Amino acid sequence: MIAEVITDVSAHPVDRPFDYLVPQRMETVIERGARVKVPFGNRKVLGFVTGFKEQSDIPVNKLRPIDELLDLEPVLTGEMLDLADWMKRETLCFEIDALQVMLPSALRAKYEKVIHVLEPDRIGSEAAGIIGSRNAVALKEFPERLLPSLKRLSQEGAISIETGIRQRTSIKKERVLHIAGPENLADVREGIKKSAHRQAALIDWMLAHAGETIPTRDVMELTGTTRATVKALLEKGAAAETEVEVYRKPEVGLLDEAGGDPVMLTDEQADAVSRISRAADEGREETFLLHGITGSGKTEVYMQVIRRVLEQGKEAIVLVPEISLTPQITSRFKKRFGPLVAVMHSGLSAGEKYDEWRKVQRGEVKVVVGARSAVFAPFRNLGAVILDEEHESSYKQEDSPRYHARDVAIRRAEMHGCPVILGSATPSLESFARAHKGVYTLLTLSERAKQQPLPEVRIVDMREELKNGNRSMFSVDLAEAIRDRLGKGEQTVLFLNRRGYSSFVLCRDCGTAVQCPNCDISLTYHRASERLQCHYCGHEEPVPLICPECGSEHIRFFGTGTQKVQEELHRLFPEARVLRMDVDTTRQKGAHEKLLRQFGDGEADILLGTQMIAKGLDFPNITLVGVLSADTMLRLSDFRAAEKTFQLLTQVSGRAGRHEKEGQVYIQTYAPEHYAVELSKEQAFEPFYAIEMANRKRFSYPPFYYITLIRFSHEDLMTVADTAEKAVAWLAGKLGGDTVIIGPTASEVARVNNRYRYQCLIKYKKEPKLAGVLTDLVKIYRSSWMKEGLLMSIDMNPSSIS
DNA sequence: AGCACGCCGACT
DNA sequence: GTCGGCGTGCTC
């Protein structure tokens, strides 16, 4: 028997199956989707078995046998193997990367060079000291200067150096005692000496638990005995001890959140649930776009659909943008479905992620709530896939494999015959257009579940404020409203869109901001470290006292960071209790939940934060939302700038007045007349959609055209410009007449890490040859450009082109 | 001659 | 990606 194996080597020439002999002993147990350790060149690597055959095209003498079978139960299902193949074609990634992204990182291999001692007498004294009595030692334990002598010893055959493969995170195990039957225990009891009080006590306790299986640790705790005592009885046969796999218990940090019980649905909600349920009942693949204004109760729809799916004995996946940012929604699912729910998000340790994954694999849970990669949850009988906030850009992975969770969800739903639900108050234009065309089924929730009115939204023109001499970041009106809420004991959320607007250091004499030495971008001032940082390459330097350009002492901080806003808040409202939520204050594990809980418990008057507070926040006492600078995003040179701005403003506004008290929203902007700002006021999605669609059509952008972005980078500006030019000329000759190629142009940030960046954009409606043409382009890249130090990357359907 | 370094191709 | 093989060129 011959196995086809995809090896854990991410490179072009080996991006295909390799044939291996299956040793006799493995023949009956090896399965597709199992991990194996195989010889590859002169080392050992991990691989995935993707298929079997009887004959190989490779001469038999070149075939080598599989070294070791790592999984008796395959880690990947047949569906996953097919999915990887599909992803490879769709995103032009390596198959191994597609396979790896489906698994928790704990199952990925960690390679380590290990020396095996063959002839101990020939090893020098220093190395021998490190080795001691062991016969296999990790190479990294030796100091660097010993490496030449170890190499020599290896050549002489005194030691051998091999690559060992270790699982990254150990499977957590626990010792359990299988207590013997009463007769056996009685026998053992007889033989215990009078002086052995402890043993006597323990065996008496065991008599009361004869035949049971109990964790050793618990037994020791309950009886107040030590391991020595337990061991003594083990030897006498009173119990047997084994190890079982146990799960780590991640801190779920349940918020005090309603949602335990199903609630009465509005007519619209009930209709949505019944139409989705029908598709689920009939095992029909159908994609629904659930368009519901903020506060319209989309989550309740999801939960009732899931209940239906569970009743059919099937499973469900719920994707949320970045779950650690929205602990509220997880809490609701946990409350409703209890132990049937697994949670997967970036806040968990590798071990915890593995444990959650195992629960799914073993069929112990039926619902997964998680971020992007949870779309690969290894369910075998999927009944529904839900993407909440489907417009969120975090569903697209930014590095290889550049997949979109929405596409994977729909693909899996096709394979399982089940509905997909895309939910949003502000759907992406792509999805809404598909719903219009009838590709997706549109379900609309137009009223808020608790019948609250939408918050009143006021747009504040900051240019007027400037004219009137107000140079503060708070307009007179917003400051007044904050004061009012402080007086009434109600809560305020202040939102600062930091993107492109963070604090930088500016010289007032020459007008330049301090630049990163490696990238064409201004450095950002970080208060916590009192240093300047580059967000692209990580470069860090102390804050200069004089301008590095002109030597002037007139340098000052410019821009608005959350820390600066906090200081100003403190100055304006010394009595206000302010919680700040941004990357700096939420870095610690569980910090999100903690801050949100504090705010929910009324421990603060004002919550000040960035993007991360735009979603999911739902507290009754919030009656004021302030957006400090609505239009910073509009300045991005990206075709989605208006869409993102509209989405963000609508989401943020939706945080106010979700319960009994009415809400009010202030949006501060320098571009009050922009349609994205103007229309977010009434959550007027359809009018916004109409205008934005017209613009997209005019400029040939999605959803009217598909786009593919190709990026080039090189240390030398001329080289990258020339190569990009060559690539575009080559593409132009191969692609159809309706296809438009924009560029090459220098990227928005033209230099990162001392590499110059160029890009070109391909716009097309129908281009069946594209995948093939791009594959050929990659071949040209590999055979010549790559060797000159050029890097090229291709992103099919990028979520951003800036 | 002896070895450091960089490039190239193979990996079943 | 990572390794060894092999060529070049430098030093003793």
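Note: Cβ is positioned from N, Cα and C throughout, glycine not excepted.
Feature annotations, courtesy of TrEMBL:
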- A:279-445: domain 'Helicase ATP-binding' (DOMAIN)
- A:CYS507, A:CYS510, A:CYS547, A:CYS550: Zn(2+) 1 binding site (BINDING)
- A:CYS516, A:CYS519, A:CYS534, A:CYS537: Zn(2+) 2 binding site (BINDING)
- A:542-710: domain 'Helicase C-terminal' (DOMAIN)
Provide, as an integer number of angstrom, the distance between the C-alpha atoms of A:CYS550 (Zn(2+) 1 binding site) and A:CYS534 (Zn(2+) 2 binding site). 21
In whole Å, how far does the CA atom of A:CYS537 (Zn(2+) 2 binding site) lie from that of A:CYS547 (Zn(2+) 1 binding site)? 22
Roughly how many angstrom lie between the C-alpha atoms of A:CYS519 (Zn(2+) 2 binding site) and A:CYS547 (Zn(2+) 1 binding site)? 18
Starting from each candidate's C-beta and looking 10 angstroms out, tell me which of the binding-site residues A:CYS516, A:CYS519, A:CYS534, A:CYS537, A:CYS550 has the most other C-beta atoms. A:CYS516
If you draw a 10 Å sphere on the Cβ of A:CYS507 (Zn(2+) 1 binding site), how many other Cβ atoms land inside? 22
Give the sequence-ordered set of same-chain residues, not counting A:CYS516, A:CYS519, A:CYS534, A:CYS537, with Cβ within 8 Å of the centre of the Cβ atoms defining the Zn(2+) 2 site. A:PRO517, A:ASN518, A:ILE521, A:LEU523, A:HIS535, A:TYR536, A:GLY538, A:HIS539, A:VAL752, A:ASN753
For each of A:CYS510, A:CYS547, count the other CB atoms within 10 A of its CB; which of these binding-site residues has the top count? A:CYS547
What three-state secondary structure does DSSP assign to A:CYS507 (Zn(2+) 1 binding site)? strand
How many whole Å apart are the CA atoms of A:CYS507 (Zn(2+) 1 binding site) and A:CYS516 (Zn(2+) 2 binding site)? 15
What average pLDDT is reported by the model for the domain 'Helicase ATP-binding' (A:279-445)? 93
Cα-to-Cα gap, A:CYS534 (Zn(2+) 2 binding site) vs A:CYS547 (Zn(2+) 1 binding site), nearest whole Å: 17
Give me the Cα-Cα distance between A:CYS547 (Zn(2+) 1 binding site) and A:CYS516 (Zn(2+) 2 binding site), rounded to a whole Å. 14
Taking the Cα atoms as reference points, how far is A:CYS510 (Zn(2+) 1 binding site) from A:CYS516 (Zn(2+) 2 binding site) in Å? 17
